[in-house]
Each structure stands twice: as C-alpha cells, then as structure tokens.
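Asks: A single structure is presented below for examination.
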C-alpha cells in the first residue's frame, strides 16, 4: 500500500491537464466619493465624462477622470406640503407649507442633453438643468411620487418620458394622478390627455392606490415593460410580482396588459418578494426572496420569448371569449367577449388583459444575502449587489443557457458609504456603484492578472479575452482589434534557427491562428537588442530578415507586435562560426554547414568548388588503453592518409611531448612517448593526441590511459584485473611494473569486516551480506565454503574480494561466519561477531477492522519482527505493504482492499522462510460516506471547525480534509490536509484546510469541491458538485493605534473586514491578556465581545508576561492569530493619573471663570445696545399702528358712500350675456368640448340610431346607473357626462324635464334608503345632482332679471371699492376688500395720480385717468383699457398683451413701461424681484402715456411670460399675467417686516415687524360699510322679499321636493335643507362665484375673494343651524353676522310662501316648458355632444349592456340588441378593447 505522501503526490499530479487554479483575481483600483446626504440616483452624461448624482437636497456633477466635484446645486429644503399647490399659494384648510427635504425620484438626461430632475416636493413636479447645473425651467405638473418612501421608475423613449409612480397622499392638487403614463417632452403632459377615447395613462382605483410598488422599467422590441410588486388586499395572501406591458406607440393604452411572474425553488417554494430585476438581451433576470427581511435570495431567469408568449396566451384566451379582462385595479374587469374575427399575433397591440396564466421559472441560483441590485455585463456575466457591501459575480453556464455559475465576489465601499449596493451601471471596463452615501468606480474584471493567452482563455472570468495587438488579457472593449478565441500555436522552431556569421537569411515562423496585423505590425527582436525588425505576415505565419552577426552566439529571437513588449513566441537562435574548427575532420563532422577549404587550410561555410575538400584524414581512437607512466610506441588506425603530403614530416603530440610519426597506408605509428600524469586519482582518463605538420594540426584523436593503482586497492582485486592491462601486485600495491611477478604474487589472508543482518529466523532463508577484503578473486574461490553458525549459506551475489551475499539454510543456534577462500591453497576468514537464529512471533494487532477499500494502518506487536533480510505481511492472502518497522517488536502496514464487507481475513507475518499467523482475524467493513458538511464556508487561512455527517465514519482511524480544483477530472489538490476528529460512525469534526498560496494567488472568493483522505477510500476523495465549500478572504482586524482605552463594564468593539463572511461568533477566541472576551455579535466590519470587568494581568493569551502594565489583546480565528495591541482599563489608569486630572481641572476652572466674566461683560453691553435698538423699533411700531388706526378711523367716517363717479360706473346697467352663450358657459366652462375626433369618424346614420336609443328613458337611466356605480369615474368625468346628457336632451326640453324629474325622484329615494338624505344637493358628487343643477339654472335664467341687476350692481360696487386702493398684482391682496385672506397687510403709499392717455386709435384725443403711484404696469394697462374701451364689451376689448404703454418723458424721450427687466438681466438678480410701478418710472401728476401696438419678438415673448408658467399666447390673454410669488413680488415682499407666521433669523437687522396684521382688519369694516347696501339688496332679491310672484319652475321644484319628502317619510327640516341646497347652493352660489357665467366681465383674483365672501354670506342666510360666533371666528363671517341673523328667518318664510302659493297648473307648466323649448332651440353643439356621449357609451358598453340585459322590461324593449347594433357599426370604423360588445340576449 502507498504511504500518505505518495497518495497526495499522485492526486496532485492526476491528469495535470489543468495547469492553473480555477479562480484567480487581481486587486483592482477603486475610486470613491463620499456624500453627506443619502444618494437617491445617478446618471452618466452622454459624453461619458460626468456623473450626475442626486442626493438629499443636492444635485452634483462629478468628473469621472478624477472623481472631483465640477458643479453642485442645492435643491432644498423647500417650503412645501402635500396639501398645498405646487406654488404654495393655496392650501387646504389648516395646512401650511413647512420645510421639506427634497428626495429625487426621477433623474434623466433629455435628448437636448439637459438634466431632468423630479423630486418628492411640489407635488412631484420637475425641473430642468443644463450641464453646469444651472436651472432652466421649473414645471408645476405632478410627474413623480411626492413622498420620500414612494416608488418611481422612468425611462426616456423616442423623446417621451415613461413614468410609473406609486400613489402617495391623496391631495386634491394631484388628483387625478396616473400610475403609469407616457408624457411628452419637454412639456411633461400626458399624451392624449383628456381625450374621451383614451389617453396614454392608467389610473388606479382608490382601493388599490397603495398596492403597487414600481421597481423597474425597460423596453424590448416595440413594447414597454414595467415591473411592479403588488400587495394583496387580503393580508393572508402573499405579495405578487406583476409585469406590465404596453406598446411604445399606444397613446390610448389599449394594449395595457399584466402577467404575474413567479420564481420557485426546487421544492416548489414560492419566492414572492422581488428584490431586484434587470433585462439583458433576450433574458429577464430577477432576484426574489421569501420576505423583505429574508437573508437568502434566489435568482430566476425568464426568457423574453416566454414573456411574449405568456402575454399572447392571455390575450388569446380573452379574444376567444374565455375568462375576464382581470384588471380591476384600473377599472377593466368585465367578461371577455369573443372577438375571434380580429387577427392576433405575438406582437399585437390591439388588445390588453390581466390574464390568469402566470410565467413561472425555477430558481437557477441561491445566494446567502439579500440582493438589492443587478447588472448585466454584455451577454457574459451578471453582477448582483447585496446589503453587505458585496458584488457577487456570475457567468452563464456553457451547457445550460439559463443557469448561472458564481465565479467571484468583490467587496466595495468602506465604513462611510453604507453597506447596501443600491445600483450598478457598466461604464466601459468599470462598474459605477451607488451606495447609500458613496459613488464608487470599480474594475469589472481581473484580466490583468493573466500573462499568457492560454491562462486568459481558460480563466473563470468570462469577461477576459486575449487582445492580440497588445498581447495582454483584457476585456473586448479595451482591445482595438477583434479579440481572439484561439491562441496562436507555434509549429516548431523558426526556419532557419541556425545561421552563419556574416550572413543574412530571411527567418520564417510557422504559426497557426496568427491573426493578420490590423492597426499594428509584427516585429522580430534578436536577443537583448532594443531595436527590432518589421516582419511580414502570411497565412502560415510571419517572416523577417535577420541581422548580420559578426560573432557566434546563442540567444533568443522574439516575435512581437509593434504596440507590445510581450512576445508572441520566443526561440533559441544560434549563430555559428566555421572558422572555429581547427581540423578538417572536426570541420566536416560538425552539425553546421561547414566545409574544409584545403587551399586556405581552414574551415568555412563558403569554400570554392576547387578548394573544398571531399575527404579528410580521420584518426580513429585507440582500442587498447595505455598504462600511465609507461613509455611505448602508439599505433593508431586512420583513414584517408593518402591525402597527406608525404614530402613533409609528421609528428605526434601528447601532453606537450612530441615524437616522429610514421605514416602507413592505414595507420600511424608514433615514436615512444613517456605518458606521465601528476596528481591524478582517476583509474581511467582520456588525453588528446594531435597529428601535426609544419605547425598545423591535421587531426586529433583521443588516447585512453589507465592506472593500476587506482583500479585495485587489494591483492585479490589487482590479480583479478584483465590480463590485457598488465597489472600485478608487488610492494603492497597494484602496478603495471609488477606484471612480471604476477604469477608469484602472494596475497594477504582473507578478512571479514562486517555482515548484516545479524539475526534471522530459524527456518532460514535469510540473505546475509558479508563485507571484507581478499575474499577471493572469483566466485569459485568461495562457492560452497561459507557457513553461518554452522549452517550452509548459498551464494546469491558476489563482488570480487570485498562482498558476498548468500542465503542461509535452517539453523538453531548462534555462531560466527566462516569463509574458506581459494582452490589450491585455502585460507579461512572468520567473523568476530556472531549470527543468531531466532524464533519470530505475533501477539496482537490494532485495529482489527477497516474499510473495504483498504489503506488501514494496522500495527502488529510481536518478537524478532526486525530479524531476517525480508519481512512482509499479508491480510487475507493479499500483501499488506509495510510502512515502517518501529523496533523488533512493532511494525506497521497498510491493509489491502477487501473483497466482501464483513469478511474476516487472516493476518500473517512472513520473515524470510518463517510464517507467523495472528490469532484474531481482520474484519472488512463498509467504506465511510459523507452526506453533509456544516458550515459550508471558510476563509483562506483555514482552521475553522466544521461538522461532517455521514455513515461508517469510524471505520477509519484518521481522516483529513482538503480542497480540490474541480468537481470533475482533471483535478488537483489546492490546499493542505486539515485533520479531523472522528466522534462516532455518523459525525466527525474537521478543521478547514489552508489554501496553498501558490494556487490561490489573490483569491477573494471561490467555491471549491471538497475531498477527504480516509485510508484508501476513493469515493470521498472528490465529493463533486454536491458538496462545495465557499472560500472567502481572511478576516482581518484593525490594530489599535497606540494603547486602547476601555471601560471594563462595556463591551469591547473591534473593527475589521470580512469578519462574518465565513465565521460565526463561536469561531472567534478573543483574549485580553490570558482571559477570554466572549463574542456576542459579529458583523462584516465589526466584532463585539464581553470581557472581564477588571483589567487582566499584562500577558499574552498563553499567560506569558509582556513588557508594561497593560495586557495584550489577541484574536484567534481558525489558524489565524492576530495581535491587535495593548488595552488599558479606564478605572485601572485612574489612580496613576488622578493628580494630573485634578490639576488640569483646577486650571480649566480658572480659565473658564475668566472667560465667562469677559463674555458676561460683553453680552451685557450687547444686551444694552440691543435693548436700545428694540426700544427704537417699538416706537416705530407704535407710530405705524397709530397712523394706521387714525387713517382707518377717517376712512370709516368718510368712505361709506360711493362717489358720484363711482355711481356712474355702477349705473351703467348689467352686461348680461345672451341665453345661448349662457348655456354654453354653464355646460362647458369646466369641460372642454372644442373638438371631437369621433364626430368625423361617426356615420350620421349611427348618430341617428343612437339618438333614437336615447328616446328610451330606461336607456338614459342605465347610463346614469353605470356611471354612478363605477367608483373609478372621477367627479370631473361625471360633470362632463351630465353636461353631455343635458346638451343632447335640450333638443326636446319637455322630455329633458321628464328625465331630470324622474332621475331626481329615484335619486331621492335611493339617498333616503342609504340614510344619506341630509346630504342631498350638498356635495353634488352624483350625475343626477349635476344634471339637476344645470337644468335648474337653465330654467331660472330668464326669470332672474331683478336679481341679476342687484348682483351686477353689487359686482360693480365691489370692483370700485377694490380699485379705490392699491392691489397686489402678484397675490391679489387688496387694501379694500371684504375677504380677510386677501387683505393687504402692508402700509403702502396710496398717492393718486391723474395722468393723460393717448389711445393709438385716436391719436389726437387724450383721456384723463386716475391711477395709483404704486400700481404695477400690468394694472395700469388694465385701467387704461377699461377707460379707453369703456363702452365696448369686455370680450371685444384688446388684451393687455396686444398693446404697450410709453411714457412721454420730456428729458428721456419715450420710455417703454414693463413690469420686469429682460430675462438676461433678471437672471443675474437676487430673487424675489419687485415688479416695476409708476413711481419706479418717476411718473407724477399730469404725465402723458401713449398706447402703441405690441411688437412680439423672442425677447418680448419671454418678458411677457415673466416666469408665469404660461406656454402659449392664448394663455396670456388674461387680465393680468400670473407671476410666481417665489420669484416676484409687487407690494408685499415675502421677507418684509409685517408680523407674519414666518420665522425670522436671529441675526436679522429688523427684529420687530413694521406693523401688526390685525391692525388692518378695520379696512374690512370700511369696505363692508361701502358695499353693505348692495349686499343687502342682492340678498333680499334672492329671497324675493319685494316680489309676490316666483318663477313657476321654482314652485314646480319645491312641490316635487315636498311630495318626495312625504312619500319617503322625510322630516320638514330636511326637506327645507333640500330646497336651500338645491336653490341656493347649486344655482345661486354657482352664479355668484362665477360671474363670467352671466356677465361679460374679466376674471380677477381679488374679486373672486370678495364674491366668495358674498356667496358664503348667502349660504349662511339659508342655513338652519344657528352659528356660534366669537373672537376666533373668521372675520368674513363676523362682517355680515348681523345681516345674516336678520335674513335667516326670511329664508324660512320664503319656503313657506312658495309652499302656500297656489299650485302650478298643467297649462301654466306646459306654457313654461314651451317657452323654455323656444329659448334652447337657439343653442348649438348638440350633435357634437351626441357624438361625445356615444364615445363614452362605447367605452362603457359592456357594463351598460349588462345592466340593460339584467332588466326584464328593457330586454322586452330590445334595448340591449339596439345598443349592440349601434356599437357594432362603430366597430367597423374604430376598433379597440373598450368596444368589445356582443349581443346580450
């Protein structure tokens, strides 16, 4: 059996085809940049020079070359609230903006190379920046999620932005907000927004808004995909992963579809939680886990072809009428309709479904750790980032296209960057890694470590390719030429590889797979020369001319490329010189192409034809040797002697001795020469003999010499030499001079010096070797004459004179060895030492069992086991190779393999001819097997304890663990052998082995198969892929910097790297001195242990004392031992440092008291100075308050009536619009119906059929029911539907009235049934109530002339009162207003100016006009337009953007008046910027202004926009531009001194406000007193206080409510609430708040505030609950509290009067309806409305058809069939998913 060392050697060399370790990695350069705030996202610029990083409140650009900041801009914090508008001007009740951090949700590079950034503030709106991060535009459109924790994904495709965002706080300023949308760039509006036929967006229903979390979006072919995780509505159900798909050009989202992705394990375990996902070419790679906190991740690979087919299967099922659409969260969950007539393929964009067929894949790889990001590297590798600062690298399995094989890991970041790898982006040969607080640039591959093409191509790194021009291993991206997949193969040596000096011959290299030179050249370099020669490439290799060499040499010839110094091949190259051969024979017999030039008598490679010798004299070596010291003639045979010139004498020369040579025909006879050599100890040697003539050497031959003295040292050896040597023995030495006395020589007696062995078994058979002198001259001299202790010994080996080996026969005693030498004369030699015959025996053996495979080391105990010459052991008749013989009583052997388990085998010891059997047999048992190892991780240094489970483990006595290179042959050992401890048959513990440094080089991570050395059991020598151990980098701990101070009762925290990758807390042994510190926590970079409370002695872990008083901290993990440094306990150091501490404390107290005194003195001076300053400011505040109070008192006493001029302005009469215009405003003011694409595509006959269908009330009721029951329909859509129905029904007003009344009755009954009776007409969130309010407004319009007159006078009075004082052009705040929210709380100079205006239409006339010096230019232009076009209706007046004002300045000429400076100048100013006023231009009383037409240029266009957010000329046709309050102000500066709720800086110079806001509340009384009469008149007219008659339709409406209240059992109070809400809230409040419905007047922010107060007062008058008013009540309610209290009883009286009035007769009602029908007949747009209504019905056709079919009465009227017929006609011209309606029988 083989010993262990041989076993390891064989395994290490087993099939050595693999010549390198399976995984190699090289340290990579890393660039890192830290951020103070959390990083949200990053992108790389298109020029690959800059990284744009969005972090908390910042946007930064980094230079990739040096990772330094180029530009940076601050994004926040900003004043924001989700309950406020984007500009912060309006908020919901009790909400105010507050400082909010900005978290970037979208970061993209636009096609214009601008940066698009969308944050979590301002409703998720976006901004654009240029490359230097200067702000370009700000949008107010909500695009991203406006919550830090909500998800948003985006992608730019075809100049469009794909956005998927999770729902956040339900703010009315964001609703409706799409979950997935396509937005146009740069406007960011949703494509086809508002189109009734569909828009490029989907909206989640309220119940599902918080269910979707979007993770990733990508494109594949012509589809867009979005990946989302969906939380089920039922908590018991698991989360699901949904893959959303729609076509790139689908602007209506008809193709919107979803499928479920599932990743399952081998045991069918579902992994529902998606951690990361990436799409790469035709694969979708995703990482899943069982939960969000699971430490294990599983990777699944989905084929994009399977994804496409799964979508197709689901769509095809729905197309065939199977299943339902299954998209309830977006309002599409109706049953699928058979549409088999529609062609469908895998790329179809016509249908979209949710589907019930999911896509399931099995897990391809499991990772211990949570994967947070994925990145694909071409089609070769996948990188997975984890939460532990690691990047796990995978490559695609060569045999299974969807299988991943891990080939390495990288650790990135440091302690400051955080540990989660959030995002990875490939950047050339690098990867940019985003971590929570850092951006890292890391190398992708480890190719630079491989130096040869073969190593590169067999490397486990799939990114490594061999770049031929540079002769380096790199990635394909770095190589200028195509990388090669085959290494060049050099076929033999270059031709020629040998050249002569002074010659030049082209040298050819035969190389296979040598690519042609593209972008480089091949070059040849000879030896160490720095220059090279260009080589010519051919299909078979290259050739290059050689240099001309002047001296012989052997060197390397290198084949290089022109851009690399790494040789492609290297060969030995020889330059020879024939002239170095001095004789003709040596010249002619040389291995080079040399010839002998006889004429020149020299050797050359180029002799002339006549000079070249054809034959040379060749002396043959001498056959018989010559004795050294003899003198004799030497005869040598030779050939070609006839070529010699016999006219000259020839001589022989040996060792500088010369003798005359006689030349015969075939021999040379040299005269006698004395052959002597001094100081030689060699028995034989060779010396050269030269044949010379005339100082030239003809040839040289070797002559053999010998020395008899050195050939034999004793007499017998000398006489036994060959007679030809003529050696003889005399004078006690062997010499050729004794040849004559050889026959008479007498040798010394034979002598035995020693023999071995000295004992043997009595059975004989022992071979004894006897050493001595003169033991005969031949074997015959001693044959049969050797006796050992009296027993014959037969010769088996004989060496003349000095050694005899013989085999002894049986014997029983001890005695010497006798040898008789000689034949004629006998001499006897006898040994002085005795040989003993002994008896061998075996007593016992251990162990007596072992594995069937053999190899058990069995130890035998007995007697005389070391005797004899040959010892062997057999077990069961098979050899048991002896490992060692420890002594004569112990020997060890390795058992052979057995034939059957459980078989007993005899153990026999053979010593020569002796056989001894052991009494106990040896038992063969089952081979051990390994089932599992735990844990399966270790580090390079090894030494970690692992537990091995298996069967029959105790069959062997020892086991050793090692790692091998490959799970399949060929493989070799890559570690040392680690010992194991066998506990029982199923369990043993092993230490993990140390990885050999020569193998690993710098391995960071690898998984290696495991093997065990367990006797001869080969089944466990390689456990294959089943059990592989992960090898991690060694854990390292940072040494202490100096002495570490520690509190004894606290835990000791140690910092390091790779601590928990392959180690648990129990693997670490931490010693403080010689006492343990027990580990409680291990993190990847931190180790926490609990040690002794008191400081141990100053020793190491072994208790060996060290210098100093502090103990040493030592950490032992596995075979690693780390000394971190000394530690000192704080309480231990206290006594020695107490005195210094007290002294320092006293010094500190003295210094502190001194400083405090100085500071106190200075603070006191500052406080006195501050007090004087505040006192002065308080006096200014008192003066301002006093001034404001006096002015307010004066206004209260003097301004309570309108001036005559104002009265004229009021008495102009109401500017009522005509009835058709009123109806158009009423129906479409909130709903744009300017165009209808569907009308052009709809056939007239279809519209006629549809209109006929509307003549059935049941059909209209069904439409309303479908809308009311659909929770996904928004309020605006309901309003649009109500307007469409009213517009269509106005063709027949009587029928319209019947429909509205019937719907109202049903609605009242339903509200009462649902216990919502008191809410009727209050919220108006139903289609019925909206239809009623529009119908009621139309009916009352012609009867409201008195009320409209009062309302118009009130409007003019409010307008005059507001314009009498300054109005802020930005905020709308006015000095004179009745709305507290819009009260101007500033002291503004109200100087009135009288100016002259020259209109551009009447240049010779001027108009006098009163304005305020503080008026902005846009306000002046409004007043000018109102004065000049006083008698022109407002809608026909020119807009203020259509003319300009020029100031006729006598000194400066004409000065153009504008609100702001040009954009270029404005951008350099500090924001906010004040709007210019007349005072700023120096305009005073009597100045002249001239109107001129506006000239539109690019600059003026930008100026006119004035950062208003307006994007078209039409939007500028308002009464005034809308200026952003964040950038502009007029009268109220945001940082002004008025005491507001804004917190001021402590170092602000104006610590106190200029005034108190409450002081200005008296202006409300002034304004109220002025307009009070008009308000009362209007309210009384609404209450019909002065009229005895009422509109018939009002009586009709009230009677209906009374009847329905009686029928449904509703109380009188609730009925009166119905009347008040229906009459006031739904009709009059709408008129008051929107005067543009009835008057041709402009829109104004300040007027809107005033009218809101009037509307609130009117509603308070009709309120039936007594309000509780106090100091904290809104001022607007307190203003008219007395009037409300007076008028509230009159509202009740109004209802009673109407109720008690005579009932409305049918004739009177019919007349009223006929009159209304005549009025509405002039209205237009019903065809357009009919077409839009048809489009809506088509979109909800399935639901409507189902409702119609469920009603028996409607089915009898065949309404479902009629609807189906209409919609089928529509399908021929416009076919999409919402139109899939079939007949419902």
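The backbone N, Cα and C atoms fix where each Cβ goes, glycine too.
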Asks: Give the range, chosen from 1042-1080, 1081-1119, 1120-1158, 1159-1197, that Swiss-Prot lists as coiled coil.
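Replies: Swiss-Prot lists coiled coil for residues 1159-1197.
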Asks: Considering the residues 1016, 1292, which is the one that Swiss-Prot annotates as N-linked glycosylation site?
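Replies: So the answer, going by Swiss-Prot, is 1016.
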Asks: Looking at 984, 1650, which one is marked N-linked glycosylation site in Swiss-Prot?
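Replies: Among 984, 1650, the one Swiss-Prot marks as N-linked glycosylation site is 984.
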Asks: By CA distance, which of the disulfide-bonded residues (118, 318, 349) lies nearest to residue 447 (disulfide bond)?
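Replies: The smallest Cα gap between residue 447 (disulfide bond) and any of the disulfide-bonded residues is with 118.
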Asks: Between residue 453 (disulfide bond) and residue 336 (disulfide bond), how many Å separate their Cα atoms?
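Replies: About 61 Å separate the Cα atoms of these two residues.
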Asks: Taking only C-alpha atoms and a 10 A limit, tell me which of 318, 464, 524, 544, 1016 are near residue 456 (disulfide bond). These are the recorded positions.
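Replies: Those close enough are 464.
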Asks: Going by Cα-Cα distance, pick out whichever of the recorded positions 91, 249, 263, 473, 479 is nearest to residue 702 (N-linked glycosylation site).
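Replies: Comparing Cα positions, the candidate nearest residue 702 (N-linked glycosylation site) turns out to be 473.
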Asks: Taking 577-617, 840-924, 928-1040 as candidates, which has the most Cβ pairs under 8 Å with the domain 'Sema' (18-444)?
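Replies: That would be 928-1040.
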Asks: Taking DSSP three-state, what's residue 447 (disulfide bond) in: helix, strand or coil?
Replies: helix
Asks: In whole Å, how far is residue 572 (N-linked glycosylation site) from residue 318 (disulfide bond) when you measure between their Cα atoms?
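Replies: Here the two Cα atoms lie 77 Å apart.
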Asks: Could you put numbers on the helix, strand and coil content of the domain 'IPT/TIG 1' (750-837), residue by residue per DSSP?
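Replies: Summed by class, the stretch gives 3 helix, 48 strand, 37 coil.
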Asks: Determine, to the nearest whole angstrom, how far the Cα atom of residue 84 (disulfide bond) is from the Cα atom of residue 572 (N-linked glycosylation site).
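Replies: Roughly 85 Å, rounded to the nearest whole number.
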Asks: Could you tell me which of these glycosylation sites, 66, 502, 886, 1016, has the greatest number of Cβ atoms within 10 Å of its own Cβ?
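Replies: Its Cβ has the most other Cβ atoms within 10 Å: 1016.
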Asks: Across the domain 'PSI 1' (446-488), what does the pLDDT come to on average, as a whole number?
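Replies: So the average pLDDT across the domain 'PSI 1' (446-488) works out to 85.
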Asks: Distance between residue 536 (N-linked glycosylation site) and residue 126 (disulfide bond) at the Cα atoms, whole Å?
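Replies: Rounded to the nearest whole number, the Cα-Cα distance is 62 Å.
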Asks: So, by DSSP, how many helix, strand and coil residues make up the domain 'IPT/TIG 2' (840-924)?
Replies: 0 helix, 46 strand, 39 coil
Asks: Under a three-state reading of DSSP, tell me whether residue 479 (disulfide bond) is helix, strand or coil.
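Replies: Assignment for residue 479 (disulfide bond) reads coil.
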Asks: Give me the CA-CA distance between residue 487 (disulfide bond) and residue 544 (disulfide bond), in Å, as a whole number.
Replies: 21
